[in-house]
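Pulled from Swiss-Prot:
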type: BINDING; residues: Arg48; note: NADP(+) binding site
type: BINDING; residues: Arg125, Ser126, Ser127, Asn237, Ala238, Gly278, Lys293, Pro294, Thr295, Ser296, Ser297, Arg319; note: FMN binding site
Amino acid sequence: MSGNTFGKIFTVTTCGESHGDSLAAIIDGCPSNIPLCEADIQLELDRRKPGQSKFTTQRKEPDEVKIISGVFEGKTTGTPIGLIIKNQDQKSKDYSEIKDKFRPGHADYTYFKKYGIRDYRGGGRSSARETAMRVAAGAIAKKILKHYGIEIYGFCSQIGSLKIDFIDKDFINQNPFFIANKNAVPACEDLIHSIRKQGDSIGAEVTVVATGLEAGLGRPVFDRLDASIAYAMMSINAVKAVSIGDGFDCVAQKGSQHRDEITQQQGFLSNHAGGILGGISTGQDIIAKLAFKPTSSILQPGKSIDVQGNDTTVITKGRHDPCVGIRGVPIAEAMLALVLVDELLITRSYRD
């Protein structure tokens with residue numbers, strides 16, 4: 001199965017399934033002498049791991065990462081970094097009733113059509129469980145970026161029709177919704193409780209931001225920085241749309257409104273472009289927004305077919321997120337970090 005490696009110089013290859021024994025990743029191209037320990041990675045994994053609140057899946061995975069190669073005496077050696085996480089809370093029996101059925105809205109049907117076989121236990125490789133290794137790799141990328149003064153943060157900016165204003169960045173990691181607005185917590189709680197009571201799910205918008213970048217990252221024309229970001233974000237489970245800067249709002253704008261004017265004293269006067277012009281970073285904040293679809297794993301019956309092509313009805317049992325976008329925040333941060341560290345290393349190689 002191809003398509004499991006991301007990056008050009010700083011590469012990440014992942015493997016593992018939702019109900020398999022373990023998840024693993026190989027990170028190659030990491031510079032040497034970067035201080036790194038398991039605790040550095042665990043900090044990011046703890047933000048993504050399931051079972052932390054009543055508003056996400058109740059599957060409880062400690063997601064304890066082990067570094068098996070590429071680090072010696074607390075520093076990277078420049079050789080491939082191997083990471084592994086053991087799965088510990090699989091309940092495969094929850095999926096026994098759908099082993100011959102395709103869950104509507106899931107990858108069951110397409111995986112079976114492509115490979116002639118599928119791991120029906122929690123979606124196998126198509127499960128968002130795989131993203132734990134992306135977050136682990138992203139933690140390493142973040143350490144490198146921090147050395148260059150680059151910071152990445154994300155937040156949930158909309159759940160369903162509830163739009164959430166950005167008020168306090170420091171509050172993002174102090175609540176289970178990754179929102180930047182303390183006053184919006186009760187509304188988020190009520191919404192998720194209502195959705196869960198209905199046996200349904202809801203979509204979300206996640207905004208991810210990178211600050212402290214230099215101008216000049218990105219390689220026109222097919223390796224534009226915004227194209228690389230969109231490619232990375234669209235590889236995340238349940239993401240159905242990605243926009244940069246003002247995104248789709250620019251459709252209703254005039255050129256006189258949208259263009260980011262520049263002055264000698266103040267620099268850029270606005271950032272409608274989201275920090276990228278012509279596929280190259282401007283040095284402003286990079287801003288991307290992701291639309292997460294509502295998960296198809298719900299308790300309401302849905303029409304589908306089985307492997308023989310017969311009509312059937314599916315009710316997805318098991319433990320699932322009522323809103324997958326909530327836990328998508330650290331995943332989006334990780335993917336942006338992987339894109340930027342790769343582009344940074346590529347740009348350095350050009351200049352050297």
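Including glycine, each Cβ sits where the backbone N, Cα and C put it.
Everything Swiss-Prot records as a feature, shown here on the structure.
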{"residue": "Arg48", "record": "NADP(+) binding site", "CB count, 10 Å": "24"}
{"residue": "Arg125", "record": "FMN binding site", "CB count, 10 Å": "19"}
{"residue": "Ser127", "record": "FMN binding site", "CB count, 10 Å": "20"}
{"residue": "Ala238", "record": "FMN binding site", "CB count, 10 Å": "22"}
{"residue": "Lys293", "record": "FMN binding site", "CB count, 10 Å": "17"}
{"residue": "Thr295", "record": "FMN binding site", "CB count, 10 Å": "23"}
{"residue": "Ser297", "record": "FMN binding site", "CB count, 10 Å": "22"}
Assigned conformation of Arg125 (FMN binding site) - DSSP reduced to three states: helix
Arg48 (NADP(+) binding site) and Ser297 (FMN binding site), distance between Cα atoms, whole Å: 19
Rounded inter-Cα distance in Å - Arg125 (FMN binding site), Arg48 (NADP(+) binding site): 18
Between Ala238 (FMN binding site) and the residue listed as 'NADP(+) binding site': CA-CA distance (Å): 15
